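The next block holds one structure in the form of structure tokens; read it before the comments.
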Amino acid sequence: MASSSANKCRPLANFHPTVWGYHFLSYTHEITNQEKVEVDEYKETIRKMLVEAPEGSEQKLVLIDAMQRLGVAYHFDNEIETSIQNIFDASSKQNDNDNNLYVVSLRFRLVRQQGHYMSSDVFKQFINQDGKFKETLTNDVQGLLSLYEASHLRVRDEEILEEALTFTTTHLESTVSNLSNNNSLKAEVTEAFSQPIRMTLPRVGARKYISIYENNDAHNHLLLKFAKLDFNMLQKLHQRELSDLTRWWKDLDFANKYPYARDRLVECYFWILGVYFEPKYSRARKMMTKVIQMASFFDDTFDAYATFDELEPFNNAIQRWDINAIDSVPPYLRHAYQALLDIYSEMEQALAKEFKSDRVYYAKYEMKKLVRAYFKEAQWLNNDNHIPKYEEHMENAMVSAGYMMGATTCLVGVEEFISKETFEWMINEPLIVRASSLIARAMDDIVGHEVEQQREHGASLIECYMKDYGVSKQEAYVKFQKEVTNGWMDINREFFCPDVEVPKFVLERVLNFTRVINTLYKEKDEYTNSKGKFKNMIISLLVESVEI
């Protein structure tokens, strides 16, 4: 074990202070009755438009796709589910558009997005005798883009979709520069390369697509107006929630009591807004934002401040989860311990009215598990910076990534019925949760491990893999990027071929968590360094309204 003098050396990370402070305290605008009435009127018009569109027609497919990408599909869940089910049921029959690459690809993507397994054999008609996609397709930019987006719904060993991704990427890259700048298709291709639809955060995607869709001469004027009104109305709700959370955070005064930790309340709210943005999840969003802000604080305390002598009793107290354990906690951490217990007690009280307070057991279970994983990493560091075997580190890192905790806890505050069996399934680490956790850990380590090694910090998965397998840093990057790709395919598989039947909205929460990590850790750690791209995303979703 390391000496006690080494224990007293704090591995400070020097995180930058909050970008937002208490900026959102004043955002308390109410949604007016006039706004509600106007949105409802448009909604009924759009609903009628959707219902009356011929079943399985290109018109209906295009309308559903636009609704989803503009962020208004949640108003029409039942109608869309019925339409997609009918399209899927009829998919074995000959269709007039079966030789249209754009339509076949769009239909395939919409059906798979809805959780139905449509065979990728539908693309065989576009393959030549050499097993390659026909060169005659290269002039159909819209069709190529549609196929490119569809290829991201693939599962493992779907060679035709692997080939589709390679083929469309090559030809779209060579074509996009020839499209005029005012061409909405060019903007769509550019955005697809940056973030394919399958990996796009719904709210971020909606905000961007509103602008792209508006520049498309074929856009539906009513749908566009509805999307803008709905976006602005939802934004007011989100601002109000963030105002309430900011008041809670200000009262806790963590920024002053714990200046070593990342002060990222607004960023945490954005994270959870990525998981669910719909009005019915308002309570769940506020609960979950508090939880991940605490998880972020614990991460920094274990990783970037506390000594091992302080962490041991702190971890023990969290495992006990009992106010009577507070005296064993290091004095400066008692405020945080009390805050943790209060958050979960408030959750229990709120849910007791609906006879759902038993859900909080699973939230506590996962938080304890997360803290144990943080503590395990601290033990390795304390043991003369012991570098564990890659497989051992991987098992722990899958937990310390935080997504197992997040995937379970985000279900606690929702209004939908969730069975005990679903919660038990979730805490037993099903494939979709492990895949999401692996993506989170791999992407975090790829962009962050070198910065972390500049201070006293345990080895990341990258270092462990390099040491155990005798490979270079670049070879390790390739390995982990492959793991990320495989993780996405495993997530897709759980939607189409789940081992256990669970509600689709549960799977969607895990998918959205993964989309958040893909957005914030694609090029660098935007959460830790939140002054640039992340700040601009927050402005576009939570500060600036859409011009009607």
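Any Cβ shown, glycine's included, is placed from N, Cα and C.
Note on Asp303 (Mg(2+) 2 binding site): other Cβ atoms within 10 Å of its Cβ, all shown chains, come to 21. What Swiss-Prot lists as Mg(2+) 2 binding site is Asp299, Asp303, and the listing cites similarity to another entry.
DSSP gives Asp303 (Mg(2+) 2 binding site) a helix state. Positions annotated as Mg(2+) 1 binding site by Swiss-Prot: Asp299, Asp303.
Under the heading Mg(2+) 3 binding site, Swiss-Prot lists Asp444, Glu452. Within the same chain, the residues at least 6 positions away from Asp444 (Mg(2+) 3 binding site) whose Cβ sits under 8 Å from its Cβ are Ala401, Ile517, Tyr521, Asp525, listed in sequence order.
Under the heading motif 'DDXXD motif', Swiss-Prot lists 299-303.
Asp444 (Mg(2+) 3 binding site) falls within a helix when secondary structure is assigned with DSSP.
Confidence in the motif 'DDXXD motif' (299-303), given as mean pLDDT, stands at 95. Asp299 (Mg(2+) 2 binding site): 19 other CB atoms within 10 A of its CB, across all protein chains.
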